[in-house]
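Here the structure comes first, spelled out in structure tokens, and everything after it is commentary.
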Amino acid sequence: MTANIAIIGFGSITRTLLASLAGNGAVRVKNIVVRPERIGAPDHSWQDARFVSSIGELEADVDTVIEAAGHAALRQHAGDVVASGRRLVLASSGALADDAFRKGLEKTARETGAEIHVVSGAIGALDALATAQIAGRQAVHYTGIKPSRAWRGTPAEHCVDLDALEAPTTFFTGSAREVARLYPANANVAATVALAGPGFDATTVSLIADPDAALNRHVVEADGVLGSFRFETTATPLSINPRTSGTTVFSILSFLNSGSNSVRLV
Ligand SMILES: NC(=O)c1ccc[n+]([C@@H]2O[C@H](COP(=O)([O-])OP(=O)(O)OC[C@H]3O[C@@H](n4cnc5c(N)ncnc54)[C@H](O)[C@@H]3O)[C@@H](O)[C@H]2O)c1
């Protein structure tokens, strides 16, 4: 079956995804949603996709909308996507730590028949988390380890002297909900773990600055009635954006190919 999709955002994820979709007959990109001032920009074109600035302008046969634009864009467009009954596939999961926003989307989706999927993004192990979550209580801990410089411009600067670190240093321990509040630009992985597992308050998080690290690392540890597991990823970033791991793009592609590899909220 062919999916007719729209993508919100025309940044690193979208451009890499489009390059990977070339020649894929099962996915047709009908629209790309960008900020109004970017419509008509010289580099804003891709095959016969029409660039628009609102969900109301999408082609009628678009059935799936991919969000790859950030928390503010998700807040701006997600309500319109689910109100239109389309399948929403999102990357900026940190925005869902706002319960009122998330529950509102879920309620609308139930009314319209829309689906909401959070792609696995930079990590894996969502299947194991979701399985254990059905079976009963589980303790889930996520550790995010990034090069010291990656934490510049965040509250980490008030916890440690990032330029003086000589060893990996934990500067934050708390819940996935607190990560979303304090470190919104780094909240997506913790949020995705929380959504697959025991939720934003019960999922605990450590954030570490490592002066010798070159790449981001993500560790998910879970212990529940079915047993325990530990899943560690070292993420190779996109060449065009050191903040985004390549896995994120290919988790979207994997979802488009198989309909799986996500946390489904509705
Ligand atoms: N779940 C994960 O593991 C994971 C991993 C990486 C990134 N992400 C999310 O994906 C987002 C996109 O990543 P990226 O690397 O492509 O970022 P990017 O900065 O390269 O691109 C974002 C694009 O979205 C556009 N945009 C911003 N606000 C918009 C709006 N309101 N409407 C339309 N377009 C808008 C920007 O102009 C830009 O072109 C990130 O902000 C992050 O929230 C999630």
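Yeah, the Cβs are placed from backbone N, Cα and C, and that goes for glycine too.
Residues or ranges marked as domain 'Aspartate/homoserine dehydrogenase NAD-binding' by TrEMBL: 9-118.
Taken from TrEMBL, the feature NAD(+) binding site covers A122, N188. For the recorded site, A122 (NAD(+) binding site), the DSSP three-state label reads coil. Its Cβ taken as reference, A122 (NAD(+) binding site) is surrounded by 21 other Cβ atoms within 10 Å in the chains shown.
Under the heading domain 'Aspartate dehydrogenase', TrEMBL lists 166-252.
The active site annotation in TrEMBL covers H218. H218 (active site) carries a strand DSSP state (E or B). Taking all protein chains in view, 25 other C-beta atoms sit within 10 angstroms of the C-beta of H218 (active site).
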Original post:
What is the total of other Cβ atoms whose distance to the Cβ of N188 (NAD(+) binding site) is within 10 Å?
Top reply: 27
Original post:
To the nearest whole angstrom, what is the C-alpha distance linking A122 (NAD(+) binding site) and H218 (active site)?
Top reply: 8
**OP:** Pull the DSSP breakdown for the domain 'Aspartate dehydrogenase' (166-252) and write it out as helix, strand, coil residue counts.
**Re:** 26 helix, 39 strand, 22 coil
**OP:** Could you list, ordered by sequence, which of these recorded positions: A122, N188, H218, have a Cβ under 6 Å from ligand 1?
**Re:** A122, N188
Subject >> pLDDT averaged over every residue in the domain 'Aspartate/homoserine dehydrogenase NAD-binding' (9-118) >> reply: 97
